[in-house]
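The transmembrane segment annotation in Swiss-Prot covers 9-25 and is backed by sequence analysis. What Swiss-Prot records for Asn336, Asn438 is N-linked glycosylation site. The heme binding site annotation in Swiss-Prot covers Cys483.
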Amino acid sequence: MLSLTAHDIPWAAGATLLAWAAYKIGRILLLPYTSPLRGLPGPPASSWLFGNVNELMGTEDFALYSEWLEKYGPTMKLNSWFKIPKLFTIDTRAMNYVLSHSQEYPKPERSRHNLVQILGNGLVVAEGELHRRERRIMNPAFGPAQIRELTEIFVEKSQQLRDIWWNDVAIRGGSARIDIQSGLTKMTLDVIGLAGFNYEFNALNPDGKPNELNAAFEVMFEYLSNLRKSYWLIIRSRFPILRCIPDGYSRRTAAAHKVTRRIGLQLIAEKKAALKQMAQSGEKTAGTALKSRDLLTLLIKANTSPDIPEDQRLSDEDVLAQVPTFLVAGHETTSNATTWCLYALAQRLDVQRKLREELREVPVDNPSMDQLNALPYLDAVIRETMRLYPPVVAGIRIASKDDEIPLAVPYMDAHGRMHDTVRIDKGTTFPIPILGVNMSKALWGEDAREFKPERWESVPEAVQPIPGVWSNLMTFIGGPRACIGYRFSLVEMKALIFTLVRAFEFEMAVPIEDITRKIGLVQRPFVRSEMEKGTQMPLIVKQHVRL
């Protein structure tokens, strides 16, 4: 019988670790020859080490994917590191299958890790039973009735931004170059502060002091914006053992999380105290002792409702986790989409004029949600913006078991055989190509890459099976994990466009080809000739009417 001495243990442990590493590396190196995806059509790898990674990291929009999809069909194989095959499909039946089986297809651990750096452990990151509980409790706060109540905030803050730009443009003779993204980001931050927590960021106030919560989120966004261009962060996200190695990113994000935690706990304590005071004083109506329409108050109310069993309620930590989720999802995505909307309108002055004519027919400056939703061309412009410029361009899922994914469009393998399913192994990642589906010529026609709001007057039959929660688009995903706040975002965006396009004319300030985009959590605009200035969207803003 063999026995180990104290001297042998380190050697045995090292040998075991080496054998385990050799096994894992061997499996990875064999995947190009053993993966069930190897028979799928797709582009050749540019190199054995990088596969198609370098090509994809260098692309600014969906042009390269579109080229490949036209050549290889809606379901294809891409090559990751070491030529490992990766599934890529815009097949509507396949996406519907994966999105509707969210338990079997959760987010990969590395994606959840990256999102936690920005969003915390909130609804977007939660999986399984916790996600279902959070969703059930939070759903009422994002219903139509609640968004109707919040529309007043959307309009008031839109008008505040309008007045700031109006004064700025007036000082400069009625026309000025303005970085619209900066103002829109401040406006949507103010909105989510009030609508989300009844918290004043005062981001639009030019005399306001720097806000530490806003500064904390800028640090978190820095992490994600660097994720696509830093090989160290990519490798670190894939190998959890490397995350224990401290670096500048991890130190800054840890400090930022401390700030959000402290302020979040303070907000929750204030809401609970106010609700308790209301209950003790017997107040029944909202807005007497507390502006109870904000999302956090509604969440706390719902969580303490007698209709929710004790074992189904969220802990304070679970409620706290929603604070960064509300902030990021509630302001960065909407400001980004509105930025790209005005960019599109600056290129299509005919569309801008037609839209302004419709908006000018509304007899009030403070429209309700129902009045905004009753404007058909505004609705078409918003839909077309969300199609071409979705704030989040892709998602990802991972198979928790071996499976066969059904296809609407069969593919031919390398041996000439047709298949109407794709067989995948446990651990296979499944990208959700939001932008790819939204811009597919096979679904939307040859003009799929053009900004044409009129297309919404007669939507192609081919887009009907797209499994999105809203408007035959993948922008807000679909299934049990569809974006809970899509109504909030759409009405806020309509309020912004309504207010700004009635007051201003927008034109390009730089050549169209000088505008590029970089993808982090959202796709942010940059000016190629002014990259040192960071993200921006400069437009020429002109006064249209005297207010």
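Each residue, glycine too, has its Cβ placed from N, Cα and C.
Around Asn438 (N-linked glycosylation site), taking its Cβ as the centre, 26 other Cβ atoms fall within 10 Å, counting all chains.
Contacts of Asn336 (N-linked glycosylation site) defined by a Cβ separation under 8 A and a same-chain sequence distance of 6+ are given as Gln181, Tyr389, Pro391, Val522, Gln523, Arg524, in order along the sequence. In the three-state DSSP reading, Cys483 (heme binding site) counts as coil. When the alpha carbons of Asn438 (N-linked glycosylation site) and Cys483 (heme binding site) are compared, the span between them is 16 angstrom. Counting Cβ atoms from all protein chains shown, Cys483 (heme binding site) has 21 others lying within 10 Å of its own Cβ.
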